[in-house]
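S.K.: According to Swiss-Prot, the active site, proton donor annotation covers His38. The ATP binding site annotation in Swiss-Prot covers 31-38, 148-151, Val177, 185-188. The (R)-pantoate binding site feature in Swiss-Prot is assigned to Gln62, Gln154. The beta-alanine binding site annotation in Swiss-Prot covers Gln62.
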Amino acid sequence: MTKLITTVKEMQHIVKAAKRSGTTIGFIPTMGALHDGHLTMVRESVSTNDITIVSVFVNPLQFGPNEDFDAYPRQIDKDLELVSEVGADIVFHPAVEDMYPGELGIDVKVGPLADVLEGAKRPGHFDGVVTVVNKLFNIVMPDYAYFGKKDAQQLAIVEQMVKDFNHAVEIIGIDIVREADGLAKSSRNVYLTEQERQEAVHLSKSLLLAQALYQDGERQSKVIIDRVTEYLESHISERIEEVAVYSYPQLVEQHEITGRIFISLAVKFSKARLIDNIIIGAE
């Protein structure tokens, strides 16, 4: 049965005992409202590690002034049940006051990796992500940490953080988990109307179009962006916020494509902003 831990002190006590015995720890940091994408990461960790820890913590530092921290869905009982069914050992669910007992004396600032895509639209968001992931890594001390490729910019930033701060953890990127029709699984999908849900499937279809263009030899980003945008505009009635091509994991905007690339989409529906992406090309 999955154990619920609610304090930093108790979590650290358990981790220290596990480390002394040579136990491997797999870690999945989340903000809760779990779905199959999260559970895929939990299953991967359970199959690899002696102990799997899932954090459920809605981090206030990654919410901007126009983003409602209080409205973010919280369902700890359901989340606990879900991860228990797939074999997680511990859910770490600390209070905000325990994670941030006072004003932080040191600000962590992400560099150019946060100046594009989601980071450009949500200033300070990735500073908050890196701060909380640093704290969680120090508390949980995982051997392996699992992040979804759906948030590919976040994955690239966390990998850079691990390198820059010498964290003794290996980051495992997990492929996007999709519905049967291709829509990327997301906690935000529940906010879609019936018509929006039907239209949302075209995000993934437009990425398959981009992949086909690349495989046919197209290397001009503008051509791919224009074709994908045209497809989305003909199939989605909502606002298309972004179609972009960047190198990966460097996140440098590409004009003439060389090497590995990251094609990113963002569409604003009435009550949900959905993102999707595909990473293609040689590393």
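In case you wondered, yes, glycine gets a Cβ from its N, Cα and C as well.
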S.K.: Tell me, in order along the sequence, which binding-site residues from Gln62, Lys149, Gln154, Val177 have their CA within 10 Å of His38 (active site, proton donor).
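M.R.: Matched binding-site residues: Val177, sequence order.
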S.K.: Given the recorded positions His38, Lys149, which one's Cβ is surrounded by the fewest other Cβ atoms within 10 Å?
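M.R.: Counting other Cβ atoms within 10 Å of each of the recorded positions His38, Lys149 gives the minimum at Lys149.
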S.K.: How many Å lie between the Cα of Lys149 (ATP binding site) and the Cα of Gln62 ((R)-pantoate binding site)?
M.R.: 19
S.K.: Mind giving me a neighbour count for Gly37 (ATP binding site)? Other Cβ atoms within 10 Å of its Cβ, every protein chain shown.
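M.R.: Its Cβ has 21 other Cβ atoms within 10 Å.
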S.K.: Measure from the CA atom of Gln62 ((R)-pantoate binding site) to the CA atom of Ser187 (ATP binding site) and give the result in Å, rounded to a whole number.
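M.R.: That comes out at 17 Å between the alpha carbons.
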S.K.: Give me the Cα-Cα distance between Gly37 (ATP binding site) and Gln62 ((R)-pantoate binding site), rounded to a whole Å.
M.R.: 21
